[in-house]
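S.K.: One structure is given below, represented as structure tokens, and several questions about it will come after.
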Amino acid sequence: MSETAMELINVKKTLGNKAIIKGVSFEIHKGEVFGFIGPNGAGKTTTIRMMVGLMGLSGGDVRIQGASIKTDYKEAIREVGAIVENPEMYPFLTGKQNLKHYARMMPNVPHSRIEEVIKLVGLEQAINEKAGKYSLGMRQRLGIAQALLQKPSVLILDEPTNGLDPAGIKEIRQYIRKLAQEENVAVIISSHLLSEIEQMCDRIGLIKNGEVIAIQDVNAAADETETAEVQMEVTPLSTACEVLRNDYNLDADASNATLTIRTEREMIPDIVETFVRHEIKIYQISMTTSTLEDKFFDLIGENTIE
Amino acid sequence: MSNFFQLLINEQIKLYIRKSTWIMYILIAVLVLGLAFLSDYTVEQAAKYQDDNWQETLEQENADLQQQMEEDDMMQGFNNTQIEKNNFYLENDVQPRSYDAWQFVMGNEFLLSLVSLFTIIVAAGIIANEFKWGTIKLLLIRPITRTKILAAKYVSVLLFALFTLLFVLIFSWLSGALFFGVNGMDPYIVLNESDGFAHVSIIGEIIEGYGLQLVTLVMMATFAFMISAIFRQSSLAIGVAIFLMLSGNAIVSFFSEYSWAKYILFANTNMNQYINGSPMFEGMSLGFSLTVLAVYYVVFLSLAWLFFTKRDVAGH
């Protein structure tokens, strides 16, 4: 992979005696979209708040383009554009006044850049209306616009798809991919809904109880379907089970007239042939591909990624 | 320093674009105009001395007052002062002034407590509102230290106080000029000073009167600013600051038995006690009060700074 844009080194947060974040480490490369997934309360937002210096670190360090958020705050934060939780704007200022407000706080943001980001997020029509009248989707876009003002090398978006309709999500998805590819920005997206961001991420980190329990390459996960779950509706079940155990050393799970086994895709025709030879009747065979979501369900050990 | 100026612009825009700020100015304007309407009596009083026979008018008035006192003992105090004042005019051959814009401005000195009130409201909200709106998160993730952001907010509060004070002065003067006219640009007036009646410059009186109230204004605004930074809640900051401002004197007299009462903030905010030469407690001097005020001021700002820069910005 290419250059590292942001690096978390054993980041810890303790509140009182309680360890909220227990040593989180990962790095994000330029041009990559990194998904940060976890159930509510797992520590996503706390980690993000530490990444942008809103909360102090109890241990470890965050480095952005090599600059430590602890010791070189200004250098580090200059490279970061972010939305933390909801994209809250000054409701009494217009969209443009909001952007100008933030532009004044950063070096080298010419007026032309403001116009540029407005166009980028497609807010030209409503930019002179008061932000208080914006829908959540419009505020989300304005939030992204303000995060992009200073051309950051790291873009942090906390729950960017929250409150957006499917069309809006699709738009943001395309837009974020474009940013990563064309502008070589490292994008970090947090969400509790894996399915919404899975398609725009290159890698996904899973956080639970303040720990990163898995980091997974999205494309690799798609290839890893060699071991699939196969359901077979056969009779008689007992013979079928026996055949599988003896010939293939496979443990079958039998319920309702259906066998469930885990095996490689290539094995299926062979098994069918064997079944036919033993005069087992086959009514139906189906295969469930293991998605990233299933994988994470297993890791989290819950039924839902909330 | 240039980005500090940009921060100031931001804070001023956020302040003056909101309707609540405009309402404050409208209230002041309405009050000043109302006061001008109600000043008819004072204008009439002053008008009767404006002809060439003003000395006779004053003597006649003294005689009337004397007679009134003989009939009614209750009027003694007030009438004696009035007679003394009239005699000062006669002895020094000074014609009483007609009521004009300058005197109107001087009389509106009490409006500064309204300016203090508004400044407290602004100071209480300037940090707390960012938390209420949730914008604090976007405000703080900029390549600017929190100390600088805090300083810009504090200076903005002081600027608001300054602008509002100037508004009171200028609007009062203009309304006064409109209603009563302007009687010279360096007017003098006879006032009852600590050592008897004296002929003093009105402009000097205005500067002194408004200036002395600025002490309380700045201290209470800084206090509200501190509460706002610590608790991140404007209603609490407004409530506590206004309560203390209104009950300051009561607090001092409540604890006046104790030797440490002179260290209470409110025992030191009234600088008039040194002009009149009657300090509230023994052992107090101008230097003492200024030191006490400075200590409070530094403590307020240090606490505000400590909480604003060191504390985490966590979720709601």
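Cβ coordinates come from backbone N, Cα and C, glycine included.
Residues or ranges marked as transmembrane segment by TrEMBL: B:21-39, B:110-129, B:150-174, B:210-231, B:236-256, B:286-308.
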S.K.: At a threshold of under 8 Å on Cβ distances, which of B:21-39, B:110-129, B:150-174, B:286-308 pairs most often with the transmembrane segment (B:210-231)?
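M.R.: Top-ranked stretch among B:21-39, B:110-129, B:150-174, B:286-308: B:110-129.
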S.K.: Take the transmembrane segment (B:286-308) and find every residue of the same chain, 6 or more past its ends, with a Cβ under 8 Å from one of its Cβ atoms.
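M.R.: Contacts with the transmembrane segment (B:286-308): 127, 146-147, 150, 154, 215, 218-219, 222-223, 225-226, 228-230, 262-263, 265, 268-269, 271, 274.
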S.K.: Between the transmembrane segment (B:236-256) and the transmembrane segment (B:21-39), are there three or more CB pairs that fall under 8 A, provided the residues in each pair are separated by 6 or more in sequence?
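M.R.: No, the stretches stay apart by this measure.
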S.K.: Quick test of the contact rule: Cβ under 8 Å, at least six residues beyond the ends. What residues does that give for the transmembrane segment (B:236-256)?
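M.R.: Distant Cβ neighbours of the transmembrane segment (B:236-256) are 116-117, 120-121, 123-125, 128, 216, 220-221, 223-225, 227-228, 264-267, 269, 280-281.
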S.K.: Residues of the same chain, at least six outside the transmembrane segment (B:110-129), with any C-beta under 8 angstroms of its C-beta?
M.R.: 11, 15, 21, 24, 27-28, 31-32, 150, 153, 156-157, 160-161, 164-165, 168, 172, 210, 213-214, 216-217, 220-222, 224-225, 227-229, 231-235, 237-238, 241-242, 245, 308
